[in-house]
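What follows is one structure encoded as structure tokens, with my remarks underneath.
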Amino acid sequence: MATEGLLSAETDQDVARFLANFPPTEWGYSFASLLPQDSEFESHTKELDLVKEKVKDMLMQSRKELTENIEFVNCLCRLGVSYHFESEIIEQLSHIFISLPKILEENDYSLYILTLLFRVLRQHGYKMPCDVFNKFKDSNGEFKKCMTADVRGLLSLYEATFLSVHGEDILDEALAFTRQHLETLAEKSSPHLARHIRNALHLPFHHAPERLEILQYICFYEGEKSMNETLLKFAKLDFNRLQLLYRKELGLLSRWWKDINLTEKLPYTRDRIVEAYAWAAGIIIDPQFSRARLQFAKHLILISVMDDTYDSYGTFDELKHFTAALQRFTFEPTIELPEYMKFLYNILWNFFQETEKDETQGCACKTSFAREMLKELARSYFAEAEWYNDGVLPTFDEFMQFGLVSSTFDYHASAFFLGVEDLGMKEFIWLRDNPTIAKTAKLFGRLFNDIAIREDEQKKGDYPSAIKCYMNDHDVSLEKAKEDILKMLEDGWKDMNEELMKPTTVPKILTKFSINFVRMSDFTYRGGIDKYTCGTELKEFVKKLTIFPLQI
């Protein structure tokens, strides 16, 4: 069916539509033409394995001295290669944490080492107490001014503050103190260190997407006087090997996208397969989850099309029938749907049918749950469309009831579960029960998005958003509403951090997915720009992630 055939009925009826005029894709070529050979990946793996044994020996040798051990573990984490030695690292950190009272009593560590120890333990779930930083305060309860002479120690303290939980006032004070002085110190430092400081001030390590942070740290580490050549080579080999895997996955995704032909059939929607894959790789970073990344990216692309249909093209009556059809989700959609919606409906139907047929991975019951998430998402999208159609601005709480669903966290978590064989109904039940870490991730997904509402969305008029509802509820300005919502997000990070601390009943794979979803939401909408829609903002990140290898 030609494009004109799908959309002509609406044109003939002269239906008034809001057209968002999304920017075209930034990618003028298909990644399907850039598929690497399997032999290339195997060659990288062999070379990596040779160096891996040397790095493992270094890790085991570092146990003799705590400062050396914690610095080496930190390097492994920040260079993106700690997953190779996960069991060894957990064993070492567990031993340190158990012995921590004695260690702190017998040693007077520097600001740099103490903050590094604090951050590394906390990022692995060990809740080291924050009162260890009282030693850096003067008799007036203020942080000592002499600390500003230790630039690396100050930067390490700054990074440590982002792992705080509620009630840790000293870390809130430390954040304000370090941020103020680091902004000045960046001007006085060497270009090498200044760039590292500015990257941290823009997006701290704990909040940054892992692959972006890893790339930045490899570049920084290469310029360090204390750089270990073997460790640097290992990190670069690992980065380049994963890059080949990511490029292969993006090539397969490009073929799928070409086959379903959505941009020709539905030209009003965003063509963002590369950006969708960047999200998948930013959230699901471990190499063994290739299938999960592809599942996630495909679901994200289809949900983007649905979102554009609800927000930017469909009429209210069309959306009403489309939502009802999705609630039934049978083979034949209702005849009341226009042709373009029937096409979209059939794409969704066929996609879920193909997933459900994959019995070898035991997906049938998981696909059923994901289908229910799709129905819930459609109801949420329609509720927002109904408010707009009726000229109703809901309260902030009413909006968030549906807005947390339209954050898409639940839907994308279910897509992730579909791609991981070891995850089953137990994890879906966890998601359905709405634990704190999931609620927090949804809060971030919704509020970050609404802070970065595009100008074309603003032109649509009183389309509800969290910002507008909050302004109306509290009779405050746009600036004040954003300030208050950013405070909610700061508190949300503390909630998230608390959920990461041991003991926890949540499997690590789920906490990692949740926090990486938050990191990608933060990165995508930081600065008030929707980098997913405005693809220029993500282009360099994607190139570095998938195209340009690091020189070894």
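Please read every residue number as a count from 1 along the shown chain.
Using N, Cα and C of the backbone, Cβ positions are placed for all residues, glycine too.
Annotation comment: Swiss-Prot describes 307-311 as motif 'DDXXD motif'. Under DSSP, residues within the motif 'DDXXD motif' (307-311) fall into helix, strand and coil as 5 helix, 0 strand, 0 coil.
Within 10 Å of the Cβ of Asp307 (Mg(2+) 2 binding site) there are 16 other Cβ atoms, across all protein chains. Residues or ranges marked as Mg(2+) 2 binding site in Swiss-Prot: Asp307, Asp311.
Feature annotation from Swiss-Prot assigns Mg(2+) 1 binding site to Asp307, Asp311; the stated evidence is similarity to another entry.
Annotation source Swiss-Prot lists Mg(2+) 3 binding site at Glu457.
Here the motif 'DDXXD motif' (307-311) has Cβ contacts under 8 Å with residues 20, 22, 266, 268-270, 319, 322, 341, 344, 381-382, 384-385, 457, 460, 463 of the same chain, all six or more residues outside its ends. In the structure as shown, the Cβ atom of Asp311 (Mg(2+) 2 binding site) sits within 10 Å of 19 other Cβ atoms.
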